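Copied from TrEMBL, the annotated features are:
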- 1-147: domain 'BPL/LPL catalytic' (DOMAIN)
- Arg37, Gly38, Gly39, Glu40, Val41, Thr42, Phe43, His44, Ala105, Ile106, Gly107, Gly118, Leu119, Ala120: substrate binding site (BINDING)
- Lys102: site 'Lowers pKa of active site Cys' (SITE)
- Cys136: active site, acyl-thioester intermediate (ACT_SITE)
Amino acid sequence: LLLVQHPPVYTLGSGSSLAHLAFDPASPPHPLFRTERGGEVTFHGPGQLVVYPIINLRRFQTDLHWYLRSLEDVIIRALDEVSGLTGERIPGLTGVWVGGQKVAAIGVRAQKWVTYHGLAVNITTDLTPFRYITPCGIADRPVASVQVRTRVLADVPAPVHAVGFLRVCSLYIADFLASADRRC
């Protein structure tokens, strides 16, 4: 399990369309990279928790849709426990929303059923860079952060909240793996 916070960067999924950029790719406001993950363009930056689980799905289920829904479950549970926010899914879309605003994106890839890439949760992220892209290729769903959706973080330093979220998220991933292992 890799837990990181990236410097400001835009990433494109393997099949992303440049039409989702509101800037010239030759002169982006932040570095722009094409990655091997699924999904469209997104932004990574300070205040965002990025989690890269490396899991051999052959030990659980060789089903990427099941894996995506499982990651959504982890985020929904962690949001509730850490911030009291009620995360939700939107049918047909991948990610987690709070009040119709996307707070977590998921983009994965698997090679021989071993996963890489993962999820990103906007905790105290500056959302301005999202204005220059169509995040995840979804034009009609705004992006938010945990900080925007709740006032709980107003007086809490960003690293303290990130560590709390990280701890809970890690525990839920471990719990998910243990329970999935028992079902196999």
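Including glycine, each Cβ sits where the backbone N, Cα and C put it.
Here the domain 'BPL/LPL catalytic' (1-147) has a mean pLDDT of 94 out of 100. Residues in the domain 'BPL/LPL catalytic' (1-147) partition by DSSP class (helix H, G, I; strand E, B; coil) as 36 helix, 46 strand, 65 coil.
The most densely surrounded of the recorded positions Arg37, Lys102 is Lys102 (count of other Cβ atoms within 10 A of its Cβ).
Summarising the environment of Cys136 (active site, acyl-thioester intermediate), the number of other Cβ atoms within 10 Å of its Cβ, over all protein chains shown, is 22. Separation of the C-alpha atoms of Gly107 (substrate binding site) and Cys136 (active site, acyl-thioester intermediate): 9 Å, rounded to the nearest whole number.
Here Val41 (substrate binding site) comes close to Tyr10, Thr11, Leu12, Gly13, Ser16, His20, Leu21, Ile133, Thr134, Pro135, Cys136, Gly137: these same-chain residues lie at least six apart in sequence, with C-beta atoms under 8 angstroms from its C-beta. For Phe43 (substrate binding site), the same-chain residues 6+ apart in sequence whose C-beta sits under 8 angstroms from its C-beta are Pro8, Val9, Tyr10, Thr11, His30, Pro129, Phe130, Ile133, Pro135.
Annotation for Leu119 (substrate binding site): same-chain Cβ neighbours under 8 Å, separated by at least 6 residues, are Val50, Val51, Leu71, Val74, Ile75, Ala104, Ala105, Ile106, Gly107.
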